[in-house]
Amino acid sequence: DSSFLHFHESDCDIGGSSSCESVLSLNTEKILSQAKLLAEQKRFPFATDNDNTNEELAIAYVLIGNGLYDEAIRHFSTMLQEEPELVSAIYGRGIAYGKKGLHDMKNAELALFELSRVISLEPDHPEVFEQRAEILSPLGRISEALSDLTKAIQLQPSARLYRHRGTLYFISEDYATAHDDFQHSLELNKNQPIAMLYKGLTFFHRGLLKEAIESFKEALKQKADFIDAYKSLGQAYRELGNFDAATENFQKALLLNQNHVQTLQLKGMMLYHHGSLDEALKNFKRCLQLEPYNEVCQYMKGLSHVAMGQFYEGIKAQTKVMLNDPLPGQKASPEYLKVKYLREYSRYLHAHLDTPLTEYNTDIDLPGNFKDHWAKNLPFLIENYEEQPGLQPHIKDVLFQNFESYKPDVQELICVADHLGSMMQYETPGFLPNKRIHRAMGLATLEVMQAVQRTWANSKVRMNGKTRLMQWRDMFDIAVKWRRIADPDQPVLWLDQMPARSLSRGFNNHINLIRGQVINMRYLDYFEKILHFIKDRILVYHGANNPKGLLEVREALEKVHKVEDLLPIMKFNSKTRDGFTVNTKVPSLKDQGKEYDGFTITITGDKVGNILFSVETQTTEERTQLYHAEIDALYKDLTAKGKILILSAELGEVDAVCNLILSLVYYFYNLMPLSRGSSVIAYSVIMGALMASGKEVSGKIPKGKASIRIFKIRKYQNALLVDFEAMTAPGSEAFSKIARSWMNLKSISPSYKSLPSVSETFPTLRTMIEVLNTDSSHCLKKTIAVV
């Protein structure tokens, strides 16, 4: 903010020294005039009491302001030959070296050397520490820059200094400390839209979305045309799952600048994850017109095309991302790492567009190492990998199908599926409604219902090229195929079908609840429940290993209200100094008294107070076999009771079948047998199997408890998460009771029986993609008898 840096800067250095000399000769009179005014007002750093010296110094500072850095350096150097400790000249020369460009390390080193000399001569001037910090931070020497800014603040606090230091803490991902600095800056000068924006971003990156939204709105009060604030507000609403509010704010940003690439990119990604692929594609295309090498937009363009069945355009876009190799030493982008998997999977999908789904199995067809690397998001370094065949010209892309082109009974089927899919939506931050997923899983629910009804009537099914009685995995596979095709970006794969070597090592499904300062708002309602569970396990542990200290531990646990407060208690035992793990247990129904491993809770901490609080399930071959045996027994019992139900339909039989369905899925949730999508797949199976038994889920997944304060943050009214209810329930009976409390089961409408067969109506990938692409907005206007 120093005035001497704000003169008009010339581009003379682009044309070399001769160009600079030309500009200098043309502007000599102007430079001298500016210098005289500057000297008279002493508007430059470290002015002296000597008027002649001040005039010479002012000339050099004006040269800096006009972009004549080499001339300024020569001028300062001449003065320093006569007076080696002339502080203003040393300082000015350091500024000039910095302005020449830090890409040349020599300039950076000289600038730092000069500024350090000034500090040794005049240690009480905050602007010198700030200037040195401005040189250090672009060089990646953030801790040194922070130290300089802290010294500057100690000497003379200002809004600018707090904002500058807050920005560096933000870059370092120390969002809590950055927030404090932005808050101090705003207390000293409240009219700072940029500081207010960054304050909001410190909330956003910690998962505190509602606080972030308040700050972004405040920034817009201060600056009504603040594009970045509208963009950030849109993204915060998107993370909350509020599609309409997010769209409104992205649109406001684009009205201010229709070429704002970041907003186009973020809006496009939101539209994709909302299931509005055609609209998303328009944003990615516009983004690429403005930035042809934007990897995110290029990747998402390719993905959108493939998801809609436009494989030729999709693979063309994917190839462009693949050609954008990172430079030596440069970290590859997430898009670059993912795109080879997407291209191979796209080729596989295209080759199978018209093959009946009953005649092949994706988990068996895809190479084991490919699946393993893809699910683990590893670089595409697979030995002896044989690429999928290129696109075959005789297989055409998927064409758009009008809703009206479907027969009335199929239209009815689609509209019912949309309704059923919407019943699975979580009303909690982080879960954006996705109408494409809704339709896919609604159709999965209806197909499960029809398949289970046929099985209970002793009919066989056609799966993987064979005709046989349906097994429990076949029931889940119906939902898996719909979830896969709804979003081909996500590897939805059975973990027990991975290579043996991968299974023997264990395959982890990992969820971070708190990582450093970042809080996962999706699972906030379960922090308290998990905390109580951990306390109980700690008491059990100390009762067995530290009985003398049990009373002391019990008293300490009574004072624990935050996860991080658990770490000191566990330090009673030297083996758990840096953290600890706690395992949940899942009781068996098949073998009373037997327990299986559930999920693992991990809490670790570092010296500066950052913690990792996470849960994970480890899928090993042994664990998988134990759960499979449990599910096999339940499915056998379910099938037997289902066959009886078809004949009698007594109330007691219906109730028993419902409990068996919920128990079976309870073990599926705890096993977590898929790389992605286990939760919605399991819930669609619950709904479909219950419908087969004559019961329909009429209640939506409810919101959680009222807002309370826990773990230093306000806990908002979040939705209940079905998978976490199963994972944290003490047993299958408890889960069944909880689930039935919100499902509001009622007798199924007879009109479901008149719906056409889902598997016969959509027998291929092509027909599945067509129905997911078709617009059915007028479903909302129709009165559907079933619903």
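Using N, Cα and C of the backbone, Cβ positions are placed for all residues, glycine too.
Annotations in TrEMBL come from automatic prediction, not curation.
Taken together, the residues in the repeat 'TPR' (159-192) have a mean pLDDT of 96 on the 0 to 100 scale. Feature annotation from TrEMBL assigns repeat 'TPR' to 159-192 (among others).
Summarising the annotation, TrEMBL assigns repeat 'TPR' to 227-260 (among others). Sorting each residue of the repeat 'TPR' (227-260) by its DSSP state yields 28 helix, 0 strand, 6 coil.
Sequence annotations record features per position, and here TrEMBL assigns repeat 'TPR' to 261-294 (among others). Secondary structure counts, DSSP: the repeat 'TPR' (261-294) has 27 helix, 0 strand, 7 coil.
Only residues 6 or more beyond the boundaries of the repeat 'TPR' (159-192), in the same chain, are considered here, and those with a CB under 8 A from a CB of the stretch are 1, 126, 130, 133, 137, 142, 145-146, 149-150, 152-153, 198-199, 201-203, 205-206, 222, 516-518. Long-range contacts of the repeat 'TPR' (227-260) within the same chain, counting only residues at least 6 positions beyond its ends with a Cβ under 8 Å from a Cβ of the stretch, are 193, 197, 200-201, 204, 209-210, 212-213, 216-217, 219-220, 266-267, 270, 274, 290, 427-433.
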